């Protein structure tokens with residue numbers, strides 16, 4: 001039967017770690033300097049849920065899943081612990097960070113050893129869960145469901161327990177069907193299922209007809225696939241350059257049946273397991289790593305950028321937090337924004353000026369940024385300073401930047417003499433660049449007779465590039481501290497007058513920021529001029545001030561115009577953010593994507609709107625067959641709710657390529673809905689196109705509800721039968737769910 005022993009056999013964790021967590025213990029939960037309460041925590045028998053009990057008897061116990069944890073940090077690393085506890089408990093502290101917007105859990109153990117044990121055991125179990133391949137996840141997902149449905153814990157299932165089980169896995173069955181399935185499995189006619197009968201029942205549930213059909217078409221060797229059959233499948237369907245040696249490796253790695261493996265045959269189970277492996281996913285495996293040339297000048301790349309990075313929620317009254325910087329950086333954002341104002345005790349603070357958003361210390365933000373900047377990507381991080389400070393506090397800012405970031409901060413041009421171009425992301429690995437105002441031109445620091453400017457001076461021209469028009473007047477008069485000005489090397493903020501003016505008067509390192517409406521107008525009315533401007537300068541775009549709810553705008557038209565730093569509110573979950581993460585999903589999630597050649601050429605004729613002839617026109621036909629989906633989560637935990645899933649396929653890119661198609665809804669089946677609907681798209685500029693797959697729960701009355709999505713660049717599509725992972729609205733993978741499609745890209749005649 002499916003007992004917890006069965007689960008242990010499936011994957012033996014470090015047993016002592018598992019035993020420790022299953023036993024659990026008391027921890028002090030910290031919410032404020034005065035609120036610290038004892039709570040009992042332990043891992044439940046399903047080995048995936050943490051249970052927590054309050055000492056107050058009438059208070060409910062609470063649970064959360066291991067899959068919800070994004071990381072565990074030892075010591076006083078979280079903002080909460082630093083604020084609410086004293087130095088001497090450092091060794092006893094640890095915190096649990098969540099993927100969703102759930103608040104961090106800040107905990108204190110009774111000793112340093114115990115804190116370490118909690119930290120190590122959680123780390124171990126988490127990494128074991130992450131290493132399970134999808135096939136094992138399916139198995140243990142099913143087994144934990146079976147245990148939940150087995151009401152009286154006797155490892156036998158009655159028909160009503162079976163129906164509970166079906167409801168848990170999101171399948172609505174009428175009584176006749178439940179009866180039929182039950183009779184089919186109840187070989188012993190005992191009125192309940194146990195042992196092998198449950199396994200048979202499980203087989204009926206995990207059966208994938210579409211995989212059977214594909215397997216059947218190629219399994220030409222006494223009901224098995226030979227190595228040659230597998231090569232035929234890989235070449236013909238998957239369009240891969242496969243050899244017999246590749247086929248042997250696949251069989252060696254994925255075939256569960258030892259007899260078949262010896263004969264170099266692939267069984268249907270082996271084929272199913274293989275079809276769930278990362279190399280068979282819809283994203284080309286070589287695009288997961290850094291595959292682009294990273295040695296070109298910095299401005300030739302699209303750079304993942306965030307707006308008002310310090311905000312966790314809205315722009316008017318929400319909290320500011322160093323945690324917001326950590327989250328953005330871990331999502332491979334490479335340009336973060338710091339709005340800095342004078343604070344008390346001569347310590348500058350970060351918040352959204354003239355609003356009620358909370359404040360954080362500038363130095364704490366810089367410390368967090370330094371710690372997390374290069375965890376996801378090694379490539380440079382740009383600190384975009386929105387400086388509202390007095391000269392005195394600007395000097396404090398310069399001091400913090402220099403003492404905290406040390407040699408990682410670029411404070412003078414790389415190489416000898418005055419540079420004529422940007423350094424490359426490769427040369428700037430592990431470095432920070434400051435974007436901000438500068439007292440003079442960079443050239444001045446190389447002139448022999450460079451007159452020493454006073455300690456603080458007014459910037460040399462009307463450079464107000466401020467994100468608030470009202471402040472421009474005071475901004476023009478604001479003085480700049482020499483120490484801070486000197487740290488601005490490759491990203492000097494200047495005011496934009498016109499493309500003509502920029503061409504004649506601005507150096508390559510002088511860059512402007514554009515409000516989204518202004519940028520969109522330029523991208524529509526003078527796209528080619530904007531593209532040429534962005535061939536040798538950087539442009540940063542930011543959301544309209546009216547978006548007080550932190551909503552976003554579509555970044556695609558601005559990428560089409562060659563803009564590198566299209567800043568979005570990273571804290572907001574929305575389609576625009578999904579598309580941004582899809583653009584930066586590839587190239588090792590480095591946060592840098594090399595712009596197509598026609599956006600890097602000084603004499604380019606490219607215009608995304610009129611699409612005149614040129615080497616950007618590579619007309620392709622994209623054929624998508626939406627086959628099926630597996631294990632879609634229920635959208636609300638109401639006992640009797642079932643999913644009616646439908647799939648949308650969208651193409652983003654130049655206006656001529658933008659398109660959307662959708663399937664019909666499959667009623668009441670989130671477990672294994674099948675569509676078999678095919679769509680065709682014309683894609684004229686594949687280098688700028690992205691494809692987005694979305695699954696929604698159809699609801700004609702209240703509007704469809706989002707279930708999951710996956711967005712990737714058109715050029716990164718793998719052809720053939722492919723599994724598409726699904727991300728929830730926070731961008732985290734839905735561990736057991738997936739979409740199954742067939743992709744073909746052909747040259748259009």
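The backbone N, Cα and C atoms fix where each Cβ goes, glycine too.
Copied from TrEMBL, the annotated features are:
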ACT_SITE  307  active site
ACT_SITE  352  active site
BINDING   308, 337, 339, 386  Ca(2+) 3 binding site
BINDING   644, 668  Ca(2+) 4 binding site
COMPBIAS  451-473  compositional bias 'Acidic residues'
DOMAIN    20-127  domain 'PH'
DOMAIN    137-172  domain 'EF-hand'
DOMAIN    173-208  domain 'EF-hand'
REGION    450-478  region 'Disordered'
Within 10 Å of each Cβ, count the other Cβ atoms, then let me know which of the binding-site residues 339, 644 comes out lowest.
644
Cα within 10 Å of residue 352 (active site) is the criterion; apply it to the binding-site residues 337, 339, 644 and give the hits in sequence order.
339
So if I measure Cβ to Cβ from residue 307 (active site) and keep only same-chain residues at least 6 apart in sequence, which ones fall under 8 Å?
337, 542, 543, 567, 568, 569, 570
Rounded Cα-Cα span from residue 308 (Ca(2+) 3 binding site) to residue 644 (Ca(2+) 4 binding site), Å:
38
With every protein chain in view, how many other Cβ atoms are within 10 Å of the Cβ of residue 386 (Ca(2+) 3 binding site)?
23
C-beta crowding around residue 668 (Ca(2+) 4 binding site), within 10 angstroms:
16
Distance [Cα-Cα, Å, rounded] between residue 308 (Ca(2+) 3 binding site) and residue 668 (Ca(2+) 4 binding site):
42
Where does the mean pLDDT land for the domain 'EF-hand' (137-172)?
63
I need the CA-to-CA distance for residue 668 (Ca(2+) 4 binding site) versus residue 386 (Ca(2+) 3 binding site), whole Å please.
51
Per-residue Cβ crowding (10 Å cut-off), top of recorded positions 308, 352:
308
Which number gives the other C-beta atoms within 10 angstroms of the C-beta of residue 337 (Ca(2+) 3 binding site), all protein chains shown included?
25
